[in-house]
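Per Swiss-Prot, the features are as follows:
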| type | residues | note |
| --- | --- | --- |
| BINDING | 22-26, Asp53, 169-170, Gln193, 219-224, 273-283 | NADP(+) binding site |
| BINDING | Tyr26, Tyr58, Trp89, Glu120, Tyr132, Trp230 | substrate binding site |
| ACT_SITE | Tyr58 | active site, proton donor |
Amino acid sequence: MDLSATNHRIPLGDGNSIPIIGLGTYSEPKTTPKGSCATSVKIAIDTGYRHIDGAYIYQNEHEVGETFREKIAEGKVRREDIFYCGKLWATNHDPVMVRPTLERTLKVLKLDYIDLYIIEIPMAFKPGDVVYPRDENGKWLYHKTNLCATWEALEACKDAGLVKSLGVSNFNRQQLELLLNKPGLKHKPVCNQVECHPYFTQPKLLKFCQQHDIIIVAYSPLGTCRNPMWVNTSLPPLLKDTLLNSLGKKYKKTAAQIVLRFNVQRGVVVIPKSFNPERIKENFQIFDFSLTEEEMKDIEALNKNVRYVELLMWRDHPEYPFNDEY
């Protein structure tokens, strides 16, 4: 795979293509200063990123859209150069809500279409505007999940030209097979966005997806933040790993750059999230070196098969995806 800083798109199963590195824009709305996302997207585009990964529930899509318009007006990029991924949240799985939810994202971004729209998690929650619905006792309010019906509503959005490609996130093999075997399937999922890094290499899921022309997009490709609400903090931080740091010394790179290069060489798309200008630039500097076959095997051997992001608060949901082996 001959990838460079200016040419790093890889083909998707529907004939479209995706840049192999993107900027993740996840943020905690309550604690993230206004404008942080816009500044980060500007720096990313100026650095050479063309893929931005976002979601309506991050509450910063308006900043992403403003930055796109600004950079297009400057002549830095054209709309067709930019690849934006949005997400359908768990409270909007009801088929009648799918198109209005996507249209709301388009309105906030002020775009005519987005490049990729994915089901964020395979678990449905009580429909409505409350993102994390619970009852008065704090119990999560779940909703009957019908992934095939949700998918049909997404297919109609693609047919209407609102989105170029459709995908999923946090799906296990069984949930992917449910869609792939759906009677009358019009559009296959082009990607499955999942946690993937040297401590959690996902070999079986990766192989299954490759067999079905589904790209793996790696979230938390550098390990993750240490927020105990989301994260298994008993795991050691990935970027402190001895092997990754010794390879970093060899190539005059950081452990983070080694980790990103590892996944890119496996054909896995990476979307490291950062609002730190230096790290945004650093994460992109992965096209001027390659790891040897031996080094790739050594990094693969670091796999502990343990997730940082377990979503344990929803493990009693009938569609909780992480009980299966993969």
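Cβ coordinates come from backbone N, Cα and C, glycine included.
Keep in mind the model is a prediction, meaning the values are calculated, not measured.
Feature annotations (Swiss-Prot) mapped to structure.
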residue : record                 : contacts (Cβ under 8 Å, 6+ apart)
Gly22   : NADP(+) binding site   : Tyr49, His51, Ile52, Asp53, Phe83, Cys85, Val269, Val270, Ile271
Tyr26   : NADP(+) binding site   : Ala55, Tyr58, Lys273
Trp89   : substrate binding site : Ala55, Tyr56, Ile57, Thr101, Glu120, Val131
Gln193  : NADP(+) binding site   : Asp53, Cys85, Ile118, Gly167, Val168, Ser169, Asn170, Ile216, Val217, Ala218, Tyr219, Ile271
Leu222  : NADP(+) binding site   : His197, Leu238, Leu239, Ala256, Val259, Leu260, Pro272
Ser274  : NADP(+) binding site   : Leu23, Gly24, Ser40, Ile280, Asn283
Glu278  : NADP(+) binding site   : none
Glu282  : NADP(+) binding site   : Thr254, Ala256, Gln257
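Figure note: comparing Cβ neighbours within 10 Å for the binding-site residues Tyr58, Tyr132, the maximum is reached by Tyr58. The 10 Å shell around the Cβ of Glu120 (substrate binding site) contains 20 further Cβ atoms across the protein chains shown.
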